[in-house]
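Student: Sharing a structure here in structure tokens format.
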2 protein chains.
Amino acid sequence: MKQPIMVGLLGLGTVGGGTLRILQNRVEDIAQRLGRPVQVKKVLVRNLQKPRPVVVDPALLTDNPADILEDPEISIVVELMGGIHPALDYIKSALKAGKNVVTANKDLMAVHGRELFELADAKELDLEFEASVAGGIPIIRPLKVCLTANRIEELKGIINGTTNFILTKMTQEGSDFGEVLKEAQALGYAEADPTADVEGLDAARKLAILASIAFNSRITLNDVYVEGITKVTARDIQYARQMGYTIKLLGIAKEIEGKVEARVHPAMIPDCHPLAAVNDAFNAIFVKGDAVGETMFYGRGAGDMPTGSAVVGDIIDVARNIINGHTGRISCTCYHQKPVRPIGEIVCKYFLRLVVTEKPGVLASIAGVFGDQGVSIQTLIQQETIGDSAEIVLVTHPVQEDNLQKALNILSDMPIVERVGSVIRVERG
Amino acid sequence: MKQPIMVGLLGLGTVGGGTLRILQNRVEDIAQRLGRPVQVKKVLVRNLQKPRPVVVDPALLTDNPADILEDPEISIVVELMGGIHPALDYIKSALKAGKNVVTANKDLMAVHGRELFELADAKELDLEFEASVAGGIPIIRPLKVCLTANRIEELKGIINGTTNFILTKMTQEGSDFGEVLKEAQALGYAEADPTADVEGLDAARKLAILASIAFNSRITLNDVYVEGITKVTARDIQYARQMGYTIKLLGIAKEIEGKVEARVHPAMIPDCHPLAAVNDAFNAIFVKGDAVGETMFYGRGAGDMPTGSAVVGDIIDVARNIINGHTGRISCTCYHQKPVRPIGEIVCKYFLRLVVTEKPGVLASIAGVFGDQGVSIQTLIQQETIGDSAEIVLVTHPVQEDNLQKALNILSDMPIVERVGSVIRVERG
């Protein structure tokens, strides 16, 4: 058997453990597939003594990054530490030292993708990151290779398992956000500090990566409008169901008239849309191309083994490129520079729930404000009296976000409007 | 701009037309992506005078295959004629002449895959066939590249749009097969001679291709057990719904204890399974791997533009390989030879509908025959009198197919059994 391809792992947490376990389980298959084995030479950990979720020869462990980054035998560095620092520096060092890189790091790719690709391209190295979005679901390579015949029109994804688990439970049980969050934390589906998930930040990072590939134009985290699910109530979900809609936290990216919009927020989608049936911690990415039409990619978006599946898939691909002497064959695909459409300029329908003082003429006053701002009401769903107040629930016709927000600002200042209860975008499907 | 990569198309029917249209529409994007344009130099057609669904310079058309197969400038031959002859000879000639090949031909790949790959490998040429299965849905490359970290446990696909359209209509409208077939033919969803679709042969070809890749072992059309949908009745669908199941024509491939089983037949799947919601002419392939868990790939399985999307995706990939001098990087992945499990050895649950003479003790006699053959009844769903007859509807526990068939043969010969109405396999999900 020929010399093995040597791999160095940075990090041995959840994903690192899954990756190492798969590489161990599949030693023979990988060797057969490539005609050459892939071997883990070193694993960087912070604490050499810490117990590990996977059987690992202690001789493989090191707490010195130079043992990987400066070892000339190692040709693939696999970064699974997460976060920006020190991962960014380690990846840069690896690329500068002529090593190919596989990473699962969405934080990094969503912000520093361009500079990393520049380094990789300069040395014709591979930089692969399938695991950074939607765990085990193949989506980066399908977008970068399989769907290249298409002008991608839109991409809509359920790309955060925690929030999908919470919204699914809220929908099935009629419970409110706070309760279900506690349940999700107890089950390990949500972290002790759930901010990055429930506020939509995690999904926004993944959307930035997907949108950059889909539209061949660099979209970074700052370009993505973000709104989490903490304000979604059981009542909103109930109204949505009544209308034949499901509420999901969606990452949405579209190209319209040369501008790219990228936004993460709770949205109502029709029950018949394939994304509406994606439940629990599952992820799915719906992609619409001008030639292929509607496609969807579904699976587990997190977890040691699913994410490890994507990491090891990349390692095998990079190893093949090393063996055949053609690393760097597909590099950055952002060969356009398209302007980003600010959230104020997007056009969509809105579901609104307003709590107002119960007295004659209130609806007329509200409708007047909407009319002045060019917001027209498509359906008045409910006008219900609750004590001295009334709840007005409606869906608008498609309108520009700026106009809607102006109307809501004016309404908020009106004495008859007690509060704007909910504002949820309605996606056509 | 550098010299274009020259392409020759064999065939300008539905898929050929879609492919040519996409190549025309995306000229600039493809050139930008690859740094070099892709140009169609010749298109082989049978009849030069026939009107075409796409605008094409008459100078491109030829009825002489040598104009493509012997033109040294053409480096990619795209075969979109379908059928075995003369497509097989043309592809062989192209490979022998050192040309890379892209094909959408499932008939060919399901039977002659091995010999074509041997030719391609000998010359380090690309042979790509993403469009041969499930039209525009990326599935070949995800299996060949993205999911390689996994031992694939099973693959279940809705891979024929015509039958899925028919079964969806039958389910939604409660109609019988014959009626809906006529409707499908009128709408262009079924051909005048619908045999290949409704008898499951088209799906079997695609399943042979998918199973070969998923299990890294050559499975040909002859290895696939095939049963069509012509015997599925509105009544079966009604019973399925009552039990919380949906009837779909599935292509199922599994590896159990080193043997591969591959079968196409109508099956009941639980309504909560992601495949149950795949309706109309849509296709989807559900893949379960030991690391990634459950994944699904969904989209349009036919049509000029979706299939053209897959063809042009392959052309771009091959062109990239030509430009970088590394064609043939991923060749045949059937590096194992796994035995095929005959249909008699498979184990599953069965839905049975028997029409028997209405008299005391009938159920006991039938249960006795089942018991003797090791078939145990999980649920007796219905025992209904219709005139002098009774309909007995039941679901068995998992049992080996041979035993079930033995029991049914004995039952068929019993005077009290008027007929075995339906035998439909029930998939766990």
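Glycine residues also receive a Cβ, built from the backbone N, Cα and C atoms like all the rest.
Quick caveat, the model's predicted, so the values are computed rather than measured.
Pulled these features from TrEMBL for this protein:
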type	residues	note
BINDING	A:Leu10, A:Gly11, A:Leu12, A:Gly13, A:Thr14, A:Val15, A:Gly16, A:Gly17	NADP(+) binding site
BINDING	A:Lys106	NADPH binding site
BINDING	A:Glu191	L-homoserine binding site
ACT_SITE	A:Lys206	active site, proton donor
DOMAIN	A:351-425	domain 'ACT'
Student: Write out, in the order they occur in the sequence, the residues of the chain not among A:Leu10, A:Gly11, A:Leu12, A:Gly13, A:Thr14, A:Val15, A:Gly16, A:Gly17 that have a C-beta within 8 Å of the mean position of the C-beta atoms of the recorded NADP(+) site.
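Tutor: Neighbours within 8 Å of the Cβ centroid, excluding A:Leu10, A:Gly11, A:Leu12, A:Gly13, A:Thr14, A:Val15, A:Gly16, A:Gly17: A:Leu9, A:Gly18, A:Thr19, A:Leu20, A:Leu80, A:Met81.
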Student: May I ask for the distance between A:Lys106 (NADPH binding site) and A:Val15 (NADP(+) binding site), taken between their Cα atoms and rounded to an integer number of Å?
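Tutor: The separation of the Cα atoms works out to 13 Å.
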Student: Need one number: mean pLDDT over the domain 'ACT' (A:351-425).
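Tutor: Mean per-residue confidence for the domain 'ACT' (A:351-425): 94 out of 100.
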Student: Around A:Val15 (NADP(+) binding site), which residues of its chain at least 6 apart sit with Cβ under 8 Å of its Cβ?
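Tutor: Same-chain residues close to A:Val15 (NADP(+) binding site) (Cβ under 8 Å, separated by 6 or more) are A:Leu80, A:Ala104, A:Ala131, A:Asp304, A:Thr307, A:Gly308, A:Val311.
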Student: What are the DSSP helix/strand/coil residue counts across the domain 'ACT' (A:351-425)?
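Tutor: For the domain 'ACT' (A:351-425), the helix, strand and coil counts are 24 helix, 36 strand, 15 coil.
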Student: Can you give me the Cα-Cα distance between A:Gly13 (NADP(+) binding site) and A:Glu191 (L-homoserine binding site) in Å, rounded to a whole number?
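Tutor: That separation, Cα to Cα, works out to 15 Å.
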Student: Can you give me the Cα-Cα distance between A:Gly16 (NADP(+) binding site) and A:Glu191 (L-homoserine binding site) in Å, rounded to a whole number?
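Tutor: Distance (Cα to Cα, whole Å): 18 Å.
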Student: Measure the Cβ-based neighbour count of A:Lys206 (active site, proton donor), defined as the other Cβ atoms within 10 Å of its Cβ.
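Tutor: I count 25 other Cβ atoms within 10 Å of it.
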Student: Taking the Cβ of A:Lys106 (NADPH binding site) as centre, how many other Cβ atoms lie within 10 Å?
Tutor: 24
Student: For the binding-site residues A:Gly11, A:Gly13, A:Gly17, which Cβ has the most other Cβ atoms within 10 Å, all shown protein chains included?
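Tutor: That would be A:Gly11, with the highest Cβ count within 10 Å.
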Student: Other than its own, how many Cβ atoms are within 10 Å of the Cβ belonging to A:Glu191 (L-homoserine binding site)?
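Tutor: I count 13 other Cβ atoms within 10 Å of it.
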Student: Measuring Cα to Cα, how many angstrom lie between A:Thr14 (NADP(+) binding site) and the residue listed as 'active site, proton donor'?
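Tutor: It is 19 Å, counting Cα to Cα.
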Student: Could you check the binding-site residues A:Leu10, A:Leu12, A:Thr14, A:Gly16 and say which one's CB has the most other CB atoms within 10 Å?
Tutor: A:Gly16
Student: Quick one: Cα separation, A:Leu12 (NADP(+) binding site) versus the residue listed as 'L-homoserine binding site', in Å?
Tutor: 19
Student: Among the binding-site residues listed here (A:Leu10, A:Gly11, A:Gly17, A:Glu191), which has the Cα closest to the Cα of A:Lys206 (active site, proton donor)?
Tutor: A:Glu191
